[in-house]
Amino acid sequence: MRGPETQEQSHLCEIISLGVAGQVPLQVPCPRAPTLAPRAIPPLPLTSLGPPPSQTFFPNQGVTHLPPPNPTSWAWPPHPHPFQDSDSDSEEGAAGGEAEMDFLRNLFSQTLGLGSQKERLLDSLTLEGVARYMLSERCRRVICLVGAGISTSAGIPDFRSPSTGLYANLQKYHLPYPEAIFEIGYFKKHPEPFFALAKELYPGQFKPTLCHYFIRLLKEKGLLVRCYTQNIDTLERVAGLEPEDLVEAHGTFHTSHCVSPLCQQEYPLSWMKEKIFSEVTPKCEKCQSVVKPDIVFFGENLPARFFSCIQSDFRKVDLLIIMGTTLQVQPFASLIGKAPLSTPRLLINKEKTGQTDPFLGMMMGLGGGMDFDSKKAYRDVAWLGDCDQGCLALADLLGWKKELEDLVRKEHTSIDAQSGSGHPNPTTSASPSKSPPPTKEEAGTTEGEKPQ
């Protein structure tokens, strides 16, 4: 038996009921009813993920079409410690109810910030405030979340731009709809369009941008915990990040596998490159099935590394830097809600994004949204403009500008020497010494400054 429920318990039960109805991906026992067997409900079908939205070798991010839901494509582990119901006396029941209430308070505190202490670590919600925080003793662990926007200055198109994005320029492949080129079912039947596109946008034809080298500089300064990337263009690796520095959320082009579940033979990058540039559809040497690069298509699961790294990386992160992403593709977009409530979050992007309503986000399993403009804003900063210019502005405030520019110049010279013919896009903004002064729009503005 359980003791009488309190008003707080009643209120939380109602919230939990709403959560269950909305398929919250959490197992929460209701204090006024026996605990049922644990359930694992997917927050969103992985099929809503999108072409390796920004990524290992071509454009980068986002989707406008979502395939039909496929619940079996999501595998999020159930809560490891579900409560067990007890038939003890009322005193034990009351104690158990209080323990459950503690769990619920922590749950909603972490997810929505209800009843929690939101410590403000930034002295101002500006890029200057972020820079001062980064130079302090309190900022030692930085995670970067990046998307297609950090690679567009290298000449790689994103997915969504109306006239220049990938989806707007696929007519020549005669697809039933643009997103089909990244759907696993369509690929298995018609792989030719994908590999034709792969030849156009193959890794190695582009140089990393200033943004990529800023992330490398974070590593060299001992600040980078991990870079979570939606991109499949491999430019993070070219810029000098090691595999352990990266979580390639939408896969990688460095390895490929046979699509037959009975075979799954692995092939190296060199093998795939030879097939693509000889305009031969890669076929498995063992079973003659199509071989696909290990990038995530619609209808495929994310790499296991994505989920395993989240568990350790976000517990003690001191700063999130989010760059060049619309934060519309799940589950990547939910990462902004994984950091502790006091952790500052800097967005460097052409427009504000990630502003999902926190309560709605919790109900859908998306995490808490960013708050740049309300009176309650205390940790989120938006710098609006070109990602390269944003990183350069931050580097300047940190005293790293010359070091960053020298690194970009040195690495680009090395890449040009190795290629022998120079870069196919010599006018990219990733060469700061040759770039014209930024326009007012390119220079960007910092949003979200609030009175102290």
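Cβ atoms are placed via backbone N, Cα and C, with glycine included.
Quick look at what TrEMBL annotates:
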- HIS250: active site, proton acceptor (ACT_SITE)
- 66-81: compositional bias 'Pro residues' (COMPBIAS)
- 415-425: compositional bias 'Polar residues' (COMPBIAS)
- 439-452: compositional bias 'Basic and acidic residues' (COMPBIAS)
- 120-401: domain 'Deacetylase sirtuin-type' (DOMAIN)
- 65-95: region 'Disordered' (REGION)
- 411-452: region 'Disordered' (REGION)
Averaged pLDDT score, the domain 'Deacetylase sirtuin-type' (120-401): 89
All-chain count of other Cβ atoms within 10 Å of HIS250 (active site, proton acceptor): 29
Per DSSP, three-state class assigned to HIS250 (active site, proton acceptor): coil
